[in-house]
Ligand code: TRP
């Protein structure tokens, strides 16, 4: 397999696996669909509202938006650029670049961080994906119609209290992800993204429309967009930074993998910005849909990971055709989570194929099984082990269950660390000529980007880390 890509190859529709023909995306749109499919997921609709609620709203949102703009977009550009320059799976891309440019091979570590993060994230991501599956039945059955906040809360607590039910839905979600990865048929699903993502967007708009009728829309908008810096803590800044990585699928070399399929003549900056804007738009819309319902029903913004499952069902129980919209909404949420879940498992499977010479099906089964088994710890954290905080002796981690710790460690430590390595690689190691060539920006824009990845991102990540350790 040659290191340089041939510009004449076209995207063949079967681009997965080291043995598959490495075609290029037919268009910029195909790349945007795949990258958006990975980026838009539970992070936008489940996680963004609840971390915003937990961290006091506006000031947190502002820091999050700054992190997207100043750290997220430049790192996404760096990942896509490294992937395209290397032209292989992340580990092999880094090896190809380091060999070609006579650099130290240790940078392959970025790929290893990605594999570890993928395992850990997918284990709990799949449990939440299972909640979404469970809520398809809850909404479709019509049992939410006209329910009170207490009744809706009781349905959610009922789900969390049953390890067997959670396990069943977690198993189904993992199976969905594994089937696609094992068969290497991502292309079809990615094409589906072009219909399903806009549909999800429209449904969110419908819920926002309903939320406007509650009379609490203004209060919600103020909560989200009027920064009150007295509510911002150093750990809130860390969560905002970590969430910027999580929601854009950064720090795990996923965008690097997708970048290796991007044709040479397509602007990395424009595509990265497009993906980031769509992703942020979905998150903000989710916030505008959920917080009016929170305030209208006297719920707690800081309710934690259950927030959307305690608020959206209320809206679906009250609005006209709520059962229909609710069912559709959760089906679309499953699709969004599914395409993201695939992008979490894919790098692990590719790594097993390349490193261990295992075939795709065996590596999918093996990696999927490990994620699934690890997911059981997250399930038990919601009920039987709810009071077990294994690292409770560390002040910052007090009261965190295994599930909370997995989320915290991956999003707030591993992903920023992965991003830091990407920034250092692009900012200090890779040949500047090669990067100018790949990014094809005006000299001023290139310098702006370069200063960011060379100085701003590493310093920002380091400062946030150090502040939180102290
Ligand atoms: N971005 C996805 C979400 O917001 C989650 C995700 C998928 C992810 N692939 C990733 C996060 C890779 C980090 C790295 O739901």
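Glycine is treated like the rest: Cβ placed from N, Cα and C.
Residues or ranges marked as transmembrane segment in TrEMBL: 29-46, 58-78, 109-133, 153-181, 193-217, 237-261, 273-295, 324-349, 361-385, 405-426, 446-467.
The listed stretches are 29-46, 237-261, 324-349, 446-467; of these, 324-349 has the most Cβ pairs under 8 Å to the transmembrane segment (109-133). 237-261 is the stretch from 58-78, 237-261, 273-295, 405-426 with the greatest number of Cβ pairs below 8 Å to the transmembrane segment (324-349).
The stretch with the most CB contacts under 8 Å to the transmembrane segment (405-426), chosen from 29-46, 58-78, 273-295, 361-385, 446-467, is 446-467. The stretch in closest packing with the transmembrane segment (273-295), judged by the count of Cβ pairs under 8 Å and taken from 29-46, 58-78, 193-217, 237-261, 361-385, is 193-217.
Non-local neighbours of the transmembrane segment (193-217) in the same chain are 29, 33-34, 36-37, 40, 45, 278, 281-282, 285-286, 288-293, 295-296, 312, 315, 318-319, 325, 328-329, 332-333, 335-336, 339; each lies 6+ residues outside the stretch with a CB under 8 Å from one of its CB atoms. Ranked by number of Cβ pairs under 8 Å to the transmembrane segment (29-46), the listed stretches 58-78, 237-261, 361-385 are led by 237-261.
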